[in-house]
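Colleague: Mind looking over this structure? Questions follow.
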Amino acid sequence: MFYGFDIGGSKIALGVYNAHRQLIWQRRVATPKDDYAQLLAAIDTLTQQADGFCGVRGSVGIGVPGLPIADDGTIFSANIPAARGRTLRADLSARLGREVRIDNDANCFALSEAWDDEFMQYPVVLGMILGTGVGGGLIVDGKPVTGRNYVVGELGHMRLPVDALRVLGRDIPLLPCGCGKYGCIEGYLSGNGFSWLWHYFYQKTHSAPEIIRRYYEGDTDALAHTERYRELLAVCLGNILTLLDPHLVVLGGGLSNFDALYDGLSERVSSHLLPVARPPRFERARHGDAGGMRGAAFLHLKF
């Protein structure tokens, strides 16, 4: 059995999956805010409950917001104060008496999609999140690629490509990013970026859902705005795909539900790739809110 924990700022969700990758049991509890001992105890209790339900000791995988440090599993996450700076992986492995694997929630999202029954045919899968921020994960042969510093897939912190100036204009401000740099694509491609660009070009203040509603109502500014955003997405994907060359790109996050983004996306991207390169398949994420715990559980699967 495979146990997947999705630990967020407000809740801990546990899903138990069988050998066929089917969800057979789940629980949810509140995340202890500032008490590390309570956090360990909550995970321990849920694990024991799952063991009791299954009649066997399952494997444990955990997805967290933030970046686990590759060397020792120390957690750096603003959303889980109780775990910040703690060696969660080592402490839980000792407490539970089994190997615990931890990865960030974006990698777990990508892993969940890569293990979809249909998507398993693709050796290299890129999960890209277009939500409050921009992030993602790279899956190769059923395993997340993490790199030296666990920053593989931090797509939002790539800088605007030169071709973006053609789309947005040479006077576009290089927005400051929370990472301390300027001009990161997250500032323009995220849901907040979608709204910021709307305000920048049209001096109107609306949320992304409101702009999308206007698009479907035929608002001319919303139509033009969506066209500009689609071209910007294609430009940014051109750099990412040239570097990673995935077979499949799965889009998640709130903006991934905007059907218009997929219109002609392959053709748009093709013009930003090498002449010999074919675009990957683009799909919307299929596993929704369950992706975090599902992907965490699958950290123990073998391709």
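Residue 1 is the first one shown; counting continues down the chain.
Positions of Cβ are set from backbone N, Cα and C atoms, glycine also.
Because the structure is a prediction, the values reported are computed rather than measured.
According to Swiss-Prot, the record shows the following:
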- 4-11, 133-140: ATP binding site (BINDING)
- His157, Cys177, Cys179, Cys184: Zn(2+) binding site (BINDING)
Colleague: At the level of the C-alpha atoms, what whole-angstrom distance separates Cys179 (Zn(2+) binding site) and Ile139 (ATP binding site)?
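Modeller: So the Cα of Ile139 (ATP binding site) lies 24 Å away from that of Cys179 (Zn(2+) binding site).
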Colleague: Can you tell which of the binding-site residues His157, Cys177, Cys184 lies nearest to Gly135 (ATP binding site) in space, using Cα positions?
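Modeller: Result: the closest of the binding-site residues to Gly135 (ATP binding site) is His157.
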Colleague: Report the same-chain neighbours of Gly8 (ATP binding site): residues 6+ apart in sequence with Cβ closer than 8 Å to its Cβ, ordered by sequence.
Modeller: Thr31, Pro65, Asn79, Ile80, Asp105, Gly292
Colleague: Based on Cα distances to Cys184 (Zn(2+) binding site), point out the closest of the binding-site residues Asp6, Gly133, Ile139.
Modeller: Gly133
Colleague: Where among the binding-site residues Ile139, Cys177, Cys179, Cys184 do you find the Cβ with the fewest other Cβ atoms within 10 Å?
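Modeller: Per-residue Cβ counts within 10 Å for the binding-site residues Ile139, Cys177, Cys179, Cys184 bottom out at Cys179.
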Colleague: Please identify, from the binding-site residues Gly4, Gly133, Gly135, Gly137, the residue with the sparsest Cβ neighbourhood, meaning fewest other Cβ atoms within 10 angstroms.
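Modeller: Minimum Cβ neighbour count within 10 Å, taken over the binding-site residues Gly4, Gly133, Gly135, Gly137, occurs at Gly133.
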Colleague: If you take the centroid of the Cβ atoms of His157, Cys177, Cys179, Cys184, the listed Zn(2+) site, which other residues of that chain have their Cβ within 8 Å of it?
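Modeller: Those within range, site residues removed, are Gly156, Gly178, Gly180, Lys181, Glu186, Gly187.
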